[in-house]
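Following: one structure in structure tokens, then a few remarks.
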């Protein structure tokens with residue numbers, strides 16, 4: 001096809017997707033940054049330029065710092081634990097195991113459920129006194145615990161739910177990677193007399209690095225993106241002890257209707273995600289060995 | 001050699017089963033609660049009478065039929081939109097060269113990081129400006145041009161041999177004909193994989209639909225469930241659990257029936 005005509009075709013085919021992509025991803029991202037330098041329009045008062053006022057408010061906002069700290073803890077715990085469990089699950093399900101089909105289904109099933117439904121089920125476990133966890137606890141003589149109502153326990157209780165939901169999802173990607181490792185490597189290692197652990201540490205684990213990178217980027221994004229369970233389980237409480245950044249953005253925008261402040265918070269979230277994702281690529285670049 | 005008891009194997013099996021049971025316990029427990037009368041919700045008794053009454057009560061307590069219809073319309077709308085738009089875009093990126101192609105592709109990939117899920121504030125005001133608040137279109141539109149879908153299809157299209165395209169061209173097929181007759185049929189497994197991932201993702205989506213909908217006629221099941229499930233409404237746990245299972249039921253049953261395809265499609269979506 002001659003040049004000019006090919007351009008036109010290329011652009012025409014691309015344009016419907018690009019228009020929607022710009023309308024709902026790039027345009028709002030740019031406008032969010034723009035809006036964060038303006039005040040929230042209220043009633044007849046239009047938005048006016050306020051410079052860094054929203055950011056200064058944020059720095060002085062204790063709730064913001066608490067929510068940010070919560071979210072960083074949430075990421076720091078749920079990401080490594082769910083990835084570690086996912087790897088263990090994948091190794092088990094990939095190996096010789098009695099009842100492999102059932103086990104694989106059990107690991108993966110939570111992934112299929114809506115997070116909001118998962119939260120409902122877990123709410124019931126956490127109910128003080130007669131929830132499943134307290135009932136099992138009482139068999140061992142533990143007293144009643146208000147898992148979601150205690151500021152020290154609420155965030156941890158929410159993390160458990162996230163790990164339960166995510167680990168099986170990440171397992172799938174490890175499983176795919178494990179199945180693509182040629183069996184000849186195992187045979188060669190066996191001939192060389194390498195033990196199981198050495199084989200895993202020196203051969204399997206390095207070969208899984210691209211998968212680990214892929215999974216961990218996903219895990220980082222999810223730890224800032226998924227807040228559905230917070231709505232059902234704690235609504236961020238008690239006293240913001242289990243609130244996460246996106247949940248706080250939701251509250252600022254749609255509960256207090258302070259959209260300018262919510263825009264500033266969104267900018268922080270976007271910066272955070274970019275730093276983490278870019279950081280992971282640079283960090284991983286030196287360690288990942290592509291086949 | 002195998003006379004000796006294999007500790008390693010034993011411990012691994014034990015660990016795998018322990019975790020498996022732990023992972024499955026919440027679901028089993030939810031099924032137990034939903035299929036027994038309320039007074040057995042917190043008390044195990046193997047002889048407790050089975051009942052489907054909780055499901056009936058839940059179904060009658062809220063307009064779930066309508067919620068299901070909304071969700072089905074929503075996922076269908078998104079799936080068709082994604083298939084059409086992402087196919088065209090991926091084809092353009094694979095087989096045409098035009099100025100700005102690399103930058104545009106980078107902008108598409110940017111969506112993997114900057115997702116519409118996060119940009120709720122601005123997308124809400126866009127929807128309001130378009131007069132689309134409280135419509136199913138508003139829930140679906142931000143997700144239709146999916147960066148992930150374009151990327152996935154482009155990877156698949158790149159593996160299509162040039163010779164097949166040449167052959168179709170000799171037979172007189174134009175660019176759209178080639179796409180339809182050569183590329184799309186060869187990418188069927190990718191469409192299946194992406195379709196399953198997309199449907200389960202949007203069936204389960206909650207935050208954005210919660211924000212843009214405010215009536216029974218548009219709410220998907222996840223939002224309906226969250227309104228129904230607020231405990232302070234005084235509905236007992238067995239009924240809430242029944243409603244919970246009901247809303248996740250179709251996906252869960254589909255998953256149990258097509259477990260292999262499900263797992264493989266997620267795997268395929270991840271490898272590419």
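Cβ atoms here come from the backbone N, Cα and C positions, even for glycine.
Marked as transmembrane segment by TrEMBL: A:7-27 (among others).
The domain 'ABC transmembrane type-1' feature in TrEMBL is assigned to A:68-278.
What TrEMBL lists as transmembrane segment is A:72-93 (among others).
For A:105-125 (among others), the entry in TrEMBL reads transmembrane segment.
Outside the transmembrane segment (A:153-178), and at least 6 residues removed from its termini, the chain residues within Cβ reach (under 8 Å) are 70, 73-74, 77-78, 81-83, 85-87, 89-91, 93-94, 107-111, 113, 115, 118-119, 122, 126, 145-147, 204, 207-208, 210-211, 214-215, 218-219, 222-223, 226, 229-230, 233-234, 237-238, 241-242. For A:153-178 (among others), the entry in TrEMBL reads transmembrane segment.
Here TrEMBL flags A:199-221 (among others) as transmembrane segment.
The transmembrane segment annotation in TrEMBL covers A:260-283 (among others). With a threshold of 8 Å between CB atoms, the same-chain residues lying at least 6 positions outside the transmembrane segment (A:260-283) that come near it are 29, 32-33, 35-36, 38-40, 47, 50, 54-55, 57-58, 64, 68, 213, 216-217, 220-221, 224, 245-246, 248-249, 252-253.
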With Cβ-Cβ distances below 8 Å as the criterion, list the same-chain residues six or more beyond the ends of the transmembrane segment (A:199-221) that contact it, or say none.
75, 78-79, 82-83, 86-87, 91, 166, 170, 173-174, 176-178, 181, 185-186, 189-190, 273, 276-277, 280-281, 284, 287-291
